[in-house]
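Report on one structure; see the data block that follows.
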Amino acid sequence: MQLHKYDVVIVGAGGAGMRAAIESGQRARTAVLTKIYPTRSHTGAAQGGMCAALANVEEDNWEWHTFDTIKGGDYLVDQDAAEVMAKEAIDAVLDLEKMGLPFNRTPEGRIDQRRFGGHTRDHGKSPVRRACYAADRTGHMILQTLYQNCVKHNVEFFNEYYVLDLVMTEVDGKPRPSGVVTYDLATGEVHVFQAKSIVFASGGCGKIFKTTSNAHTLTGDGMAIAFRNGLPLEDMEFVQFHPTGLAGLGILVSEAARGEGGILRNSEGERFMERYAPTIKDLAPRDIVARSMANEVREGRGCGPNKDYVLLDLTHLEPEHIDAKLPDITEFARTYLGVEPYTEPVPVFPTAHYAMGGIPTNIDAEVYRNSEETVPGLYAAGEVACVSVHGSNRLGTNSLLDINVFGKRAGIKAAEYAATADFLPVPEDAAQPTQDLLDLMRNGKGDQKVAVLRKELQDVMDADMQVFRTADTIHNALDKIADLQERYKHIQIQDQGKRFNLDLLEAVELGFLLELAKVMSVAALHREESRGGHFREDFPNRDDDKFMKHSMAYLDEGAETDSVAGIRLETKPVIFTRYEPMERKY
Amino acid sequence: MTTQEKEAAEPASKVDLPGESGGGGEIPTYNLTLKVRRYNPEVSEEAHWEDYELEMFGTDRVLDALHKVKWEIDGSLSFRRSCAHGVCGSDAMRINGRNRLACKTLLKDLDLSKPVTVEAIKGLPCEKDLIVDMEPFFQSYREIMPFLMNEGHEPERERYQSQEDRDRFDDTTKCILCAACTSSCPVFWTDGQYFGPAAIVNAHRFIFDSRDDAGDLRLEILNDKEGVWRCRTTFNCTEACPRGIQVTKAIAEVKQAVLARAF
Ligand SMILES: Cc1cc2nc3c(=O)[nH]c(=O)nc-3n(C[C@H](O)[C@H](O)[C@H](O)COP(=O)(O)OP(=O)(O)OC[C@H]3O[C@@H](n4cnc5c(N)ncnc54)[C@H](O)[C@@H]3O)c2cc1C
Ligand code: SF4
Ligand code: FES
């Protein structure tokens, strides 16, 4: 086992991790550990844009942006955090421009801005142009620009180092982070990184589901590691399902397709959104459109050999218009489905897109150990974290913003803390639990296969925990997860080598997925209301009296929540500053 | 532009769907032989070819075939991948002798009457199966100083840039650093010192950015004996680029810029 010592260790090199590294790297000795090369991170897949009330093309201000964020999140947003994000959005965009990001420009040469769902002027009066963008690859340009600036500042990366555990050292009776345990993919060696500050920026967990816009590598590692170390996970029941993923694949077709006039149709050729949202039809909020689509399929009006998707019809649009406005989408449809969008409708179905929940933090990215108290030296930012700026439903373009604003804050805070703190001792046997876990996986002689268990998990989560949930479906998912967790103890992997043993790591990742699926399901079972991304058919209304609060899930062997053993569910109050909850109407 | 857009007629509530898109029908399947060049120095210093017989679906990609092998036949088969839709640059490999992304290559576009061959990209040291050491590639990238350098004092708001100036380097901003171009270049294969096309593409992205002041510095680096002049204009790189970047054209523009500077 090798030991390294850094002031600050950052786990993850997506947008949040690299934004943190740029700040921290200039203030303290910093290492960034990442399981894939930085430029492979899924931030690069984001298409639409990053919003900020720059008011470059029309009147706008950060206060309107704050309101839209809170309303979009169905009032489960912590309003202090939303204010910080909307206010600092302007500098976040200008910072990126100064670092070199090639934004699209207005005729005057300023950063151009465009519309995106839910962003309005003057508290919902009309749509506003708030999203800054770089063609249809804003996320790609953010990721590249941040990486370029990390190269400029000589940030130290440890590429293909999988963080598998957090080391906690007891101080005055309370556990505090003293380092992380990592697995070097190239050699199979386990390394311990001792650090004064640790920042989790390890992204989302979309691979819990079968149909997802997320990368294969988004297995919720950071969330699961925090959870296993006794830290809470906040609001895990809230997942955003984007209406238009390419059928069977989940690859995202941006909201812009419907914005430009695309129409959803069922197997009878019917424009079914006319029945569900008579006024705004296909442009209703993401959660409503996704549910309507799923309902058409459920009632037998799906398309294709298995009648399991609907169609996005662009055929009435001029080919030149499609080429000018939707080049990426049409290319994906051609490449992956062999469908020509000029003349044929594109098969689509809702796709698991974004985890609103995660490791709870305050506005300084400090991680909560319970509903009141933070853990000195531990930070989280980006999709892995729950600040909570997205509440129960994230607005488009607010995540690229989130990773920049809170990534920066995390980097500064982590470095400042490291300047005042001492290293905590790392116990001799800090890597032992990880070694044991790896040995267990390597030496398993059972008859269960990782790929089979993972597929069964993803299938049941798509069937029972997607856009429609009831107590029955959630119980069904929980039973299946329990069965899978049992079978997980009897897996066998084939690769016994040390070099690039991805077979082994897929087994570890499956353990994370199973754990998080359980947390997600228990929290969903307990929340007997419908809000934002969480829709309970047996409780179709929002219930502010009982549920205007964040859920906080803890690993607790002895506990029981709604007769499910092993998880303790507590709550944390929502922070209100100036907006009273109203009905979310568009 | 927006003023010109005419109000589109309200689309019909109900239409007749073309062809089979309404439902029914079978998903076609294919049988194929996937021939993978396996290499694992822990087992043997010799690489060897291994055949896998697979039944795949019509919309499957080479990446799906590799996953099928890894998940159902041999878990030790190793390759990198993440996004699975051509945006992260993880899975450049040689498929039927051409550099491509496995996640962007549909099986039905290949000739399946013959085995489909898959091997690691060339010119970078192979570590295991389809995984190569990317360090030399990123080293060249770092050497061209791939970050904006601006000498003027920082404006309070954004720097201005006209739409034409922004368009000037648009093509080369698309690069996902997959190495398909560099590892398809015969000069790079024989001469490990050459920067390779990807590094030049990324230099181009800054040299032609009106906001950048370090063009001279980068051109000087590229004028070096390992720089742009090694390029023999074989166009392999342009053909290989999964992002459709005009790589050879970008290199030619950098060459012209070096000449115009006349060091
Ligand atoms: C297709 C798509 C389109 C989107 N479009 C938009 C958009 O237009 N606007 C918007 O605002 N948002 C968009 N989003 C959401 C947004 O892109 C993401 O939420 C955001 O980029 C997440 O950034 P991140 O830095 O938190 O994580 P990521 O970019 O996912 O990075 C995670 C990092 O953590 C590392 N990591 C993970 N586990 C480990 C481990 N165990 N050990 C070490 N390292 C680890 C990985 O290597 C990686 O570097 C989109 C999302 C998707 C999927
Ligand atoms: S120029 Fe094209 S082929 Fe070369 S690294 Fe960039 S994206 Fe890949
Ligand atoms: S897996 Fe990302 S480019 Fe192929």
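Here the Cβ of each residue, glycine as well, is placed from N, Cα and C on the backbone.
Whatever TrEMBL says is automated annotation, not expert-curated.
Copied over from TrEMBL:
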ACT_SITE  A:Arg286  active site, proton acceptor
BINDING   A:12-17, A:34-49, A:Asp221, A:Glu383, A:399-400  FAD binding site
BINDING   A:His242, A:Ser254, A:His353, A:Arg394  substrate binding site
DOMAIN    A:7-400  domain 'FAD-dependent oxidoreductase 2 FAD-binding'
MOD_RES   A:His42  tele-8alpha-FAD histidine
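This view paints the features noted in TrEMBL onto the structure.
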| residue | record | DSSP class |
| --- | --- | --- |
| A:Gly12 | FAD binding site | coil |
| A:Arg40 | FAD binding site | helix |
| A:Gly48 | FAD binding site | coil |
| A:His242 | substrate binding site | strand |
| A:Ser254 | substrate binding site | coil |
| A:Arg286 | active site, proton acceptor | helix |
| A:His353 | substrate binding site | strand |
| A:Ser399 | FAD binding site | helix |
Across all protein chains in the structure, which of the binding-site residues A:Ser254, A:Ser399 has the highest Cβ count within 10 Å? A:Ser399
Between A:Ile36 (FAD binding site) and the residue listed as 'tele-8alpha-FAD histidine', how far is it from one CA atom to the other, in Å? 10
Is any of A:Gly44, A:Gly48, A:Ser254, A:His353, A:Ser399 (binding-site residues) within Cβ reach of ligand 2, i.e. under 6 A, and which? none
CB-centroid shell, 8 A cutoff, substrate site A:His242, A:Ser254, A:His353, A:Arg394, site residues removed: A:Ser213, A:Gln240, A:Leu252, A:Glu255, A:Arg286, A:Tyr354, A:Gly396
In sequence order, which residues at least six apart in the same chain have a CB under 8 Å from the CB of A:His353 (substrate binding site)? A:Gly206, A:Thr212, A:Ser213, A:Asn214, A:Val239, A:Gln240, A:Phe241, A:His242, A:Gly245, A:Leu252
In this structure, the one of the binding-site residues A:Gly12, A:Gly44 whose CB has the fewest other CB atoms within 10 Å is A:Gly44
Express the distance between the Cα positions of A:His42 (tele-8alpha-FAD histidine) and A:Arg394 (substrate binding site) as a whole number of Å. 17
Cα-to-Cα gap, A:Arg394 (substrate binding site) vs A:Gly48 (FAD binding site), nearest whole Å: 14
What is the biggest Cα to Cα gap, in Å, among A:His242, A:Ser254, A:His353, A:Arg394, the residues listed as binding substrate? 15
May I ask which of the recorded positions A:Arg40, A:His42, A:Arg286, A:Ser399 have a CB within less than 6 Å of any atom of ligand 1, listed in sequence order? A:His42, A:Ser399
